[in-house]
Amino acid sequence: MADLRYQNNVILAGQPPKSLEDFDPPKKPGRNMYAIACATLASMTSVLLGYDIGVMSGAIIYIQKDLKISDLQVEVLAGILNLYCLIGSCAAGRTSDWIGRRYTIVVAQVIFFIGAIFMGLATNYAFLMVGRFVAGVGVGFALMIAPVYTAEVSPASTRGFLTSFPEVFINLGILLGYVSNYGFSKLPTNLGWRLMLGVGVVPSVILGIVVLGMPESPRWLVMQGRLGDAKKVLDKTSDSREEADTRLADIKGAAGIPENCTDDIVPVPKQNHGEDVWKELFLHPTPAVRHALIAGVGIHFFQQITGIDSVVLYGPRIFEKAGIESTDHKLLATMAVGFTKTIFILVATFLLDRIGRRPLLLSSVAGMIFSLAMLGTGMTIVEHSDTKLTWAVALCIAMVLAFVALFSIGMGPITWVYSSEIFPLRLRAQGTSIGVAVNRVTSGVISMTFLSLSRGITFGGAFFLYASIATVSWFFFYFMLPETQGRTLEDMEGLFGNFGWKFAEFKKEKKHQNHDLNKEFRSTGNGNDRGQIQLSTNGQM
């Protein structure tokens, strides 16, 4: 009887019968494998920086023995590449707007290839510094362009996942550098460190070839007026045809192309990619641009000033100070750091689009503060003890591993994800290059001062200082960085400008809207005159 009354209601309403499955939420689209492949190839360029950091941590042990250089020269040698990155990252912004994102990646590989050869063939300290300069410029190019390309090719649903890939490959490069250190450490001193540095030519050659198979960034294609080519790329890298059309319309609007222009090749409004861009960023920024610039520069600054490169680059020195005497054991402990970083960065890639940027970042930094403070405590105890305390040595090793794990699960990848997605299209390349420049300069300062700092205020004091800076960074992130999860790149500008929480308000409004819709649905479901299904506890209609 109930079934008959239900069918009559449906017929009267003129609607097809509905099942319970019709009221299920829409299924999320699967991951776009083409977009993942593009992001992977672009992000692999970050291996260059990671390998250089990792390999230098062990190579400087043998370089110092072979070339008879001082600790000050070691600091300069290890950290100067980060300052040379400044040249590459600044040049990469305009270069990528000129020749495209893809060919800029090729340029990065060529430059690093030359630098790796110079370092591998170096006969003295000055020659080695020349190689560091060339390689640093190449790394700067790669660091800037990889997150930009990945963000521009990624659909909004997986942009956090894909844009974290550069940090994944930085960590993989660090691990490969550590493995190279251990593998070549058995060779004669004058040959081992040269092979450690020179073998960096291998990834640059491979990457320089494989990236030629990547498509160009759809946003760069639109900026060139090549709408037909951009649409083909968007069709392949979007979760649906509707999303591809929406993304294309948003990019056209950001580039100043009228919506009714649908030809494959269209004229683009003349844009000045030089002075006007820098003026908008620094001299006459809108509130939204100013907020985005502060957030982008700030997150890069705090990522490095909290001491991650000190731990990664001087791991053998830290472990030696903690009480590990064997060179093999120091290198093995350093390899454990590399494995830990790599594992936790992989975990982070799957959390970014599920948990969001802010919760993951704030939790990561809170954990870093604790681990740095405990590491400082352990190092202070070791430094003031006349005997070797096994538990204190174990505490130091555990806190080093905890620090790099907590960094890699939040602060590490989110810095690159966040800074690559918050700038408007017209400012994205230059804005990202500024963030990378600040990142590398800060890293260079930290790398070139750690040994001197640890001599001045002890190793324990250095880590207490880093813990204090990390505390400041937590408050900066809490008050300055809105959530960007799930927003399109073209919609991002609306989140910034009031130094408040527009996105929190947005979510609150959406929640209220959903509540009102649910309430309306329940009220209209009480009558059968609209063909709605009413479920009762006794199973009758």
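Each residue's number is its place along the chain shown, starting with 1.
Backbone N, Cα and C atoms are what each Cβ position is placed from, and that goes for glycine too.
Curation plays no part in TrEMBL annotations; they are all automatic predictions.
Taken from TrEMBL as is:
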TRANSMEM  34-64  transmembrane segment
DOMAIN    38-485  domain 'Major facilitator superfamily (MFS) profile'
TRANSMEM  76-93  transmembrane segment
TRANSMEM  105-127  transmembrane segment
TRANSMEM  133-149  transmembrane segment
TRANSMEM  161-179  transmembrane segment
TRANSMEM  191-214  transmembrane segment
TRANSMEM  331-352  transmembrane segment
TRANSMEM  364-382  transmembrane segment
TRANSMEM  389-418  transmembrane segment
TRANSMEM  457-481  transmembrane segment
REGION    514-541  region 'Disordered'
COMPBIAS  523-541  compositional bias 'Polar residues'
Beyond the flanks of the transmembrane segment (161-179) by at least 6 residues, Cβ under 8 Å: 31, 35-36, 39-40, 42-58, 143, 146-147, 150-151, 153-154, 196, 203, 312, 331, 334-335, 337-339, 341-342, 345-346, 348-350, 352-353, 408, 412-417, 420-421
Region pair the transmembrane segment (34-64) / the transmembrane segment (364-382), three or more CB pairs under 8 Å: no
Cβ contacts under 8 Å made by the transmembrane segment (191-214) with residues that lie 6+ beyond its boundaries: 38, 41-42, 44-45, 47-48, 51-52, 55-56, 58-59, 62-63, 66, 102, 105-106, 109-110, 112-113, 116-117, 119-122, 131, 135, 138, 173, 177, 180-181, 184-185
Local confidence of the prediction over the domain 'Major facilitator superfamily (MFS) profile' (38-485), expressed as mean pLDDT: 87
Contact call for the transmembrane segment (364-382) and the transmembrane segment (457-481): at least 3 Cβ pairs under 8 Å, seq gap 6+: yes
Chain residues in Cβ proximity to the transmembrane segment (76-93) (below 8 Å; excluding those fewer than six residues from its ends, i.e. six or more beyond): 49, 52, 56-57, 60, 63, 69, 104, 108, 111, 125, 128-129, 132-133, 135-145, 309, 313-314, 429-430, 432-433, 436-437, 440-441, 443-449
